[in-house]
Amino acid sequence: MEQYEVVEQIGRGAYGSAYLVVHKGERKRYVMKKIRLSKQNDKFQRTAYQEMSLMASLSNPYIVEYKDGWVDEGTSACIVTSYCEGGDMAERIKKARGVLFSEERVCRWFTQLLLALDYLHCNRVLHRDLKCSNILLTKDNNIRLADFGLAKLLMEDLASTIVGTPNYMCPEILADIPYGYKSDIWSLGCCMFEILAHRPAFKAADMASLINKINRSSISPMPPIYSSSLKQIVKSMLRKNPEHRPTAGELLRHPYLQPYLAESCSCSPIYLPVKPTKSNLGDKQQSRKPGSGRKRIIKTNGSSEALETAAEQAVDTRDNSTYISDVSTVGTQDACISQVSVDPQARNKAYQNIDDLTLFQQIEENLMTITDRQIDEAIFLKAVRTSSTVDVVPVSGAIQKPNEAPIPKEELTIGVVQEQRKEVKAHTHQGSKPGTGDVPIVTEESSPKSAVKLAHSDSTPAEWDHLNIVQQRADALESLLELCAKLLKQERLEELAGVLRPFGEGAVSSRETAIWLTKSLMTPPKLEGSPKLT
């Protein structure tokens, strides 16, 4: 402590405070987190020590850097980390006053967060408290993930204690189901929704309503200025079934994020785009729709081949300013992995050219899926009622006391420790990475049983399928409305009429509409300027 000079207190929590300090020798600013140990039980003290040990073992450019740590005469534990001049993401959103961030900036933040989260999961670490106030920003607007007070090393396949911030908790935690790394993906999805929309993904006046919204994965539409690809990625992170959520590594390999991944300083070769060799260009190719876990085969008929060729030409634009250039390649029998260098201006131009094609590809798949699969309305209503049924079991001191006012709007970090560990079965949850060590987590409240239980939490696969079909219909409608709005704004009335023709009295098949719309989008005109962003 003698090496540091305290400048001011910059934060206060339930168990300690944060101070801005200056290293006397280096004359460099750091943040010192001081955790009170006096009058705390042994489990809490072990948690503080293990947080210090965990921070010392982490090393990633997008995680706050550990500087020093010690125990001050047994009364408090001190952890010194790097100082981020840009504040936290929650403050940045408030200062924006409703002015939305540019998509390029959001995607850059998103990629950095995924790199940090993938690093944690590869090292068997669950963060368990991902929220905007724990996402810090440097003066260069780069991400630093912070606050590992609730983090856990997975000794078993899954965790079972209920910890975190209610607004960012995933359905399986609230349903008292053992959870794994996909719980962090849900929390990050909530953060990304808040960064995009400048409002929480899930917000309610009371805990029961909040749980109901989370259990139904009921979110409002995101701002229309962002691309469908980005919004679909965020939606995929907020799927109720954890098995249907992507991992951080899978998201990093998404084609839409590849340009931003190439700009990162810790880009691993396993995340670089995979390009097929020339010998395979004529074969059938399998592609994944942006922001979705469903696969579709691109058939070798005239219209689909034309669409695929146009998309490839638009992405692989090679003019005076090179969009993508190969730096080094590692050859394999079927494909080669290529590192890429990116020109941001050329990248934006190329994405502008293929924006209509990408949107059409999503509409085509969703419309064809809905046409082929008819939905029984009675089953649909039953599935919705089943997924929205909530049973809240109050426990004294766990969530809210009877005499207290409703939960305030600000976020509250809660935790309920289960005394008896449940036997974890692999087939009841998504697979996760094996662990070797266990970090006991001390939380604010403890109870023999969890405070929140959801009825009908063990949904059958058939119910998941029905809900997925409903989600597909919603995605298709949203994509269709976005395209119609864009065509109307550009006064492309003939194309707009072609899009809406299948819904008239003399409706034609979705396939005929897809072929017609493909031809009309082969040479898309230049889009008008987008709204001014920050």
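Each Cβ is built from the backbone N, Cα and C atoms, and glycine gets one as well.
Remember, predicted model here, so these are calculated numbers, not experimental data.
Here Swiss-Prot flags 4-257 as domain 'Protein kinase', drawing on sequence analysis.
Every protein chain considered, the tally of other Cβ atoms within 10 Å of the Cβ of ALA14 (ATP binding site) stands at 9. The ATP binding site annotation in Swiss-Prot covers ILE10, GLY11, ARG12, GLY13, ALA14, TYR15, GLY16, SER17, ALA18, LYS33 and is backed by sequence analysis.
According to Swiss-Prot, the feature active site, proton acceptor maps to ASP129, an assignment based on sequence analysis. A coil conformation is recorded for ASP129 (active site, proton acceptor) in the three-state DSSP classification, outside any helix or strand.
The annotation region 'Disordered' is assigned in Swiss-Prot to 278-306 (among others).
Per Swiss-Prot, the feature region 'Disordered' maps to 425-449 (among others).
Burial estimate for the recorded positions (ILE10, GLY16, ASP129): highest at ASP129, by number of other CB atoms within 10 Å. Considering only the residues assigned to ATP binding, ILE10, GLY11, ARG12, GLY13, ALA14, TYR15, GLY16, SER17, ALA18, LYS33, the longest pairwise Cα distance works out to 15 Å.
With respect to their backbone Cα atoms, ARG12 (ATP binding site) and ASP129 (active site, proton acceptor) stand 17 Å from each other. For ARG12 (ATP binding site), the count of additional Cβ atoms within 10 Å of its Cβ stands at 9 [all protein chains shown].
Between the CA atoms of ILE10 (ATP binding site) and ASP129 (active site, proton acceptor) there is a gap of 20 Å. In the three-state DSSP classification, GLY16 (ATP binding site) falls within a strand.
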